[in-house]
Structures are given as structure tokens and as C-alpha cells.
Amino acid sequence: MVGFARTKFCKNLSSLSDNGENHEKPYTFEGNRQTVNDICNVLETGPWGPSAENTLSALSFKPQPEFVIGVLRRLKDVNRAIEYFRWYERRTELPHCPESYNSLLLVMARCRNFDALDQILGEMSVAGFGPSVNTCIEMVLGCVKANKLREGYDVVQMMRKFKFRPAFSAYTTLIGAFSAVNHSDMMLTLFQQMQELGYEPTVHLFTTLIRGFAKEGRVDSALSLLDEMKSSSLDADIVLYNVCIDSFGKVGKVDMAWKFFHEIEANGLKPDEVTYTSMIGVLCKANRLDEAVEMFEHLEKNRRVPCTYAYNTMIMGYGSAGKFDEAYSLLERQRAKGSIPSVIAYNCILTCLRKMGKVDEALKVFEEMKKDAAPNLSTYNILIDMLCRAGKLDTAFELRDSMQKAGLFPNVRTVNIMVDRLCKSQKLDEACAMFEEMDYKVCTPDEITFCSLIDGLGKVGRVDDAYKVYEKMLDSDCRTNSIVYTSLIKNFFNHGRKEDGHKIYKDMINQNCSPDLQLLNTYMDCMFKAGEPEKGRAMFEEIKARRFVPDARSYSILIHGLIKAGFANETYELFYSMKEQGCVLDTRAYNIVIDGFCKCGKVNKAYQLLEEMKTKGFEPTVVTYGSVIDGLAKIDRLDEAYMLFEEAKSKRIELNVVIYSSLIDGFGKVGRIDEAYLILEELMQKGLTPNLYTWNSLLDALVKAEEINEALVCFQSMKELKCTPNQVTYGILINGLCKVRKFNKAFVFWQEMQKQGMKPSTISYTTMISGLAKAGNIAEAGALFDRFKANGGVPDSACYNAMIEGLSNGNRAMDAFSLFEETRRRGLPIHNKTCVVLLDTLHKNDCLEQAAIVGAVLRETGKARHAARSW
């Protein structure tokens, strides 16, 4: 039927569309108001269907375009409008006029529902006319007012699809809206489309574009637009110059702002107060206060009373520089010129005092300002924020009461400040009380209120209370957001309740709340930290599945998590995936990748990355140097490690005990003990305290060098410095003492370790058993051997051989033989010496059958070794 209407319409086009030109044909319906009312009553009182159609058909009126237009102007439901629009086509078998189509588009604009736009524009295109200028503007304007800029952009693109020419004002409205939300690329696309359509850009349009690009710091693009404007024979006006000064200055391009300032007079224009004030603000922000003062004095000299905004800017400049005496003096000068300082001027001073934490001085200024201006909401909020941060809650509540008397409280902004600051100072009960006291009729909590309280409660472990507040949020008119879910997930995981954390994520999906990249990154980080590396990997894939581009933090979390889980070898592949994607590394990302390379043995790659980091302007941190120094030390490239150590010191980086310990361990392992001692001495001179790893590294080096007496002195120093030995420490000493055959002394340390409640390692057990057996203390060795096995320990070959020899030397022939058989059953090698000692004992005790077995084993072992040598 729609196709029929289109065909018929085309046949009658000349009579209705003025030769296809896009003109609106005015229609009036002065005498038809009642008919329109009757139609609207039918459409608005019941559902659409055969009954509604029959009722409309029964109305005694002759269908006319005027009725369609009148009805569409009244309807607020786009679906009902389309149903009526189609019913009219079927009833009359006549095409709609341009004004009817435009009226339908205006219904879509009012409802912000453009689902049928493609179809309607297609019909209009076939009919040979398009949306009117006013309709086009209204559709875009409706989207802008509803903050649906992407939909507004899509409306324009759909018009272009059907070869319609979007209105000039539709483009400029959208460009202005995108400028306000810093979407400069969208602005530029629309601007280029305007040029393609032959629209002549104005200075005002160029001003909007230049401001947008400059605000985002895209200076080259902004300057390019400025050059394009000049090449279009358009002269910059004072507004454009003011925008350039302000925008370029705010992104730190002070010299460029000066250049624009000097260009003004060169081009025959005169700087106004906005020009001067903008330039003063730029200079103050750049800490060029002397130049700002000079400019303000020039302004003051040439104008009897500079504008209040100029005074406020200069006062803020003085305050930011901590020059409060000058700021107060300027207030007096302002008064002397007959200009009473405004509340904004005082708020500027209070803001600066807040940044510096000068609470008492701020309260004095607050009392002083009452002589000139009534404090406003911002004034009270600045002070309450300061007082809560400083822990002066009683004064903050007194100020809140003053606000109430002034009619400024309750208001949700003040409540949010107080709840947030109370949470951050861990005054959770007070924050909860304030939340509960909120009068929903006067002051309703918003998303910020809920977010602050949920996060505050969660951080101190009150996750169940946080969840209850979240449930209240679900019951309220506030929409949950990714910030709330991020906080809940993180805090549940941080307090050991990972299953609840997973449940929160599922709740979020069920609530149709889309996660953002920050939430997904946080969730992935939580899973890795909770020991769930496979789930962490899966979340990284989900990030991509949700059409997010993983950023530097995503990769950093993944690489760091895999390193901790023992998959450091995957760092290389992930790093190059990151590079191929064009992901820009920050310092944290560099540090994590460098650490990963070091841990998987790719120290050369780590070293190269350290150099790349420097060339790209990122300063290596103590973490960077620590990873590479440790990596080099572990592969005995100690001279290179020491050079990096010296480089870090030359850059005044505060080196920590971990870096010193890496070098001590490295030098100790290769026997360069004197250098290890020198580094330990430097560590202590720096005021650092050696940690357990430091002492264990040094002890291990001394034991390996068989300097056992020095090791014992070192052990004593360690205890004197209040560093408690652990099982590794005792294991090193026991092994060292056994190595130099001081078995009884080793056993003393063994007993000391047991008294401390430490569980010896397998190496400590086997070393001690072997040592006691070799020392002839076979009773203790045997008891220790049995206890070790009873606790699930598995003795090694050295342990069995030592026990067999010890029992043999103690003339316990059959006990020794039993262990000999046990050793054979376990498939462990038995030394020739052990066999000889056992054989001798068995012969002495007339255990001839057992001696024959041992002799046979000894012969077989000898043959095997001879064959191996021959081979």
C-alpha cells in the first residue's frame, strides 16, 4: 500500500510540491479545530487496532491534509503518529503532502525517536522533496537538548544518504554541541561536510572549531583552521582572538597566547577587558605572576574601574601563588575604586586557602567577606570541604546549621561533600547517619551520594553494609553505574570474598548496566590477585569481545598477573601485541613489561626497553632500575648491574633495600664478598635497614666460601639489628656447618630452629641427618630420619648413604642392611664407599648372606661403571 501511495503521489507531484523544490506549503485549519480534537481523542484514548480505525472512519469529515497536519502537531507518541499517518494513506489512497511528512518528522524530533527516519526519508526522496529547513533544525536541536549528540549526527548523515541538504544551522548547532563535550574529530567531519555542500563558514564557526581543538591540546589542528580562515578572506574579530588567548594559554602555550595578544592591535582591533583578563589568567596559571601584575596595572591605568572578572582573576593568581597579603590588598583597592568585591572574589581566595590547607585563615576571610557579600552555596561548600578534610567536624556541622538558617541547606551538593569527606577520613558512622537523615522530599541522594558511601564502607571492610546501600540505590530513582559496580567488585575481592565479587559482576550484567574499560580492568586485576589467572585471561578476551580496545593498563594488569602466576615467558608475545595495536606505554606499563622480561630471562630485551623508555621521555623509576639490576645480577652481569646502580644514584633516585640486596646477592654468589660487604655498608650508611633477604644472601655467600666463622658473626649482627631469622637462614647455617664438619654446632642451630616453631625444609632435614650420621651421632640421626619420613618427607640418596654409613660405623649391621635394601627399592644410587663400609660391618657380624648381596651389588656397580668408561 505504501508503494501504491508513493506511485500515485509521483503522478500528482507537480500540483503538490512546486516542481520538487523543498518549500513548505502553509496550511491552516481555523474551522476544523473540532475535527482535529475528535481525531486526537480517538488516537489518545485507546490502543490502535480495527476498533480505532472504525471509529475514525465513522467520524463525519472529509479527509484533508490540514487534518493530518493538525493531528500530527498534537500527538506525543511517534508510533501512534505513524499508525495514523498510514491509516490516512489507506483511507484516501492519496499521497501525503510535504507539510504532512515534515509534521511527522517533527513528532519524531519531539519524541527523540528516529527508528522510522530511514523509511520516511526514503519515501520523501522518491516523492521528490525533503525535510524543510525548520524541520531539519528541530530534529538536530531535539537531540542536542537531550544530550544525544550521536543521534543528532546520525540524523544529518541519514539526510545526506538520501541526497538531502541539511540546514546550515543544523550543522552549526551540532558542531557547537560537540565542542562542549570535546569531540573535535566529529566537529571537523561536520565542518568538512558543510564545505562539500558549498556552505560558507563564518568567523563564529571557525571560532567554535578552534576553541574545541585548542581545548584538547591539538594545537597544530587549531592553527591549521586559523590559517584556513585567513585564506578564506575572513578577518578575525576580537571574540576569536580572546578565544585563542584563553584556549592556547590553558594548554600551556603562553608564548602563543602573547602572540595573539600583540596581533590584536596590529590588525586594527582594540583589546577589551575580556582580552586582558584572559591574558592575566593565562600568565597566572603559568606562574608568570610579575607579567600578570604588570598587565593588570596597565588595565587599571587605562580604565577607571576594571571589570569584576579581572579583579577576581588577579586575586586568584595571588592566592594560587600563596601571596595572600597582595590578594587582600587588591580587595581594598577594589573597594577604594567604588567596586565592592563580589562573592566570587572571596571564593577565589577561599579556594586557594583550601588548596594550602589554611583552615583558620579561611574562617577569618569568611567572617570578613560577610561585610561585602553574602556567602553563597559555593562558599559554604568550600569551607565545609576544608573542615572535613582537617577533621574539624564540629565546626563543619555548625557551618551546615548556618547554611540551613540562610536557606541553603539541605542540598545534595553539600551532603555529597560531607559524606565523601567523612568516608575518606573513615568516619563511616557519621557518614551513614547523614545519609539516613536525608529528607527525600527536600533533598534526595543522587548517584554521587550512593557511590561515595558504598565505596567508603567497602574500603574499610564493611562490604555487607555497602551492599545494603547498593540495594537502596536499586530501589531509588538513581541509576546504578559502572563506578558503583567497580567499587563493590574491588572491595569484595580485597576482603577475601571473591565469590561475592563475581556475583556483583553478574548482577551488573542482569541490570543491563554496561561495564566500562576501567571496571573490566579492575575486575581482571582482582582475579589475578585472587589467584585466578585463567579467569583473568578470560576477562582480557572479554574486554576485546565487548569491543573495547585494551589500553596500557589492561596489558599491564595481564602481564603482571601472568608473571605472578609463573607465566613470565608470555611477556614477550604480549608486549609485541601491545605495540602492534599502537598502545602507548606509560611508566607503569614499561616497568611491568621490563620486570616480565627480566623474570623470563630476556634481560637484554629489558635493557633495550629501559633505553627506549628514556628516549621517549619517560624517566625510569626505582622500580625500573630495580628490575633490570636484579635481572643482570642473577645472570652474573654484575658490572653492568653496578653501572645502572650508579646511574640511578646520579639521578637522585631513592634506592631501596631491595636493589641493594639484589647486588649483595649477585656479588655474593660469584664469591666477590668484599664488594658485597661494601654495598651492605653503603646501605646502612644511607639509613636503610637490611632485610631478611639481604642477610640470607650474605650468609649464603659466606657459607659457600666456607667462611663459617664470619657467617656466625654475621648471624649475630642480624639478630642484634632485630631481624628475625627464618627457616632459610637456619638452613644456610646448618648446611654450612655440616659442610665444614661442625655437625654438633649445626645440631644446636637445628634445635634452636625447632624451638622457634619453624618447620625445617627437606634440604635442612637431609643435611642434618647426613651430618649427624657422619658425626657418629647415630641415635639422633636415626630419630630425625624416622621423624622426617613420618611427616611425609622423602630422603634423598645422600641422606640414605650417610645413614647406612653411620649405622655401619656404629656396628648396627642389620639396621644398615635394611636401609640398604630400602634404598635399592627406591631406585636411588648407592655409593661404592657406602657398600664397602656396610660390607665390612656385615662380615664382622657374620651376616654372610647379607654380605653376599652387598658384594654382588658392589660388583655390578663396578661393571656398570667400567662399561660406561669403555663406551
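Residue numbers in this text run from 1 along the chain shown.
Glycine residues also receive a Cβ, built from the backbone N, Cα and C atoms like all the rest.
Swiss-Prot annotations:
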type   : residues : note
REPEAT : 167-201  : repeat 'PPR 3'
REPEAT : 202-236  : repeat 'PPR 4'
REPEAT : 237-271  : repeat 'PPR 5'
REPEAT : 272-306  : repeat 'PPR 6'
REPEAT : 307-341  : repeat 'PPR 7'
REPEAT : 376-410  : repeat 'PPR 9'
REPEAT : 411-445  : repeat 'PPR 10'
REPEAT : 446-480  : repeat 'PPR 11'
REPEAT : 481-515  : repeat 'PPR 12'
REPEAT : 516-550  : repeat 'PPR 13'
REPEAT : 656-690  : repeat 'PPR 17'
REPEAT : 796-830  : repeat 'PPR 21'
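Counting residues of the repeat 'PPR 21' (796-830) by DSSP class, helix then strand then coil, yields 26 helix, 0 strand, 9 coil.
Note on the repeat 'PPR 10' (411-445): its mean pLDDT in the predicted model is 89. Tertiary neighbourhood of the repeat 'PPR 12' (481-515): same-chain residues 447, 450-451, 454-455, 458-459, 461, 463, 466-467, 470, 473-474, 522-523, 526-527, 529-530, 532, 546, selected by CB-CB distance under 8 Å and a gap of 6+ residues from either end. Sorting the repeat 'PPR 12' (481-515) by DSSP state (H, G, I as helix; E, B as strand; all else coil) yields 26 helix, 0 strand, 9 coil.
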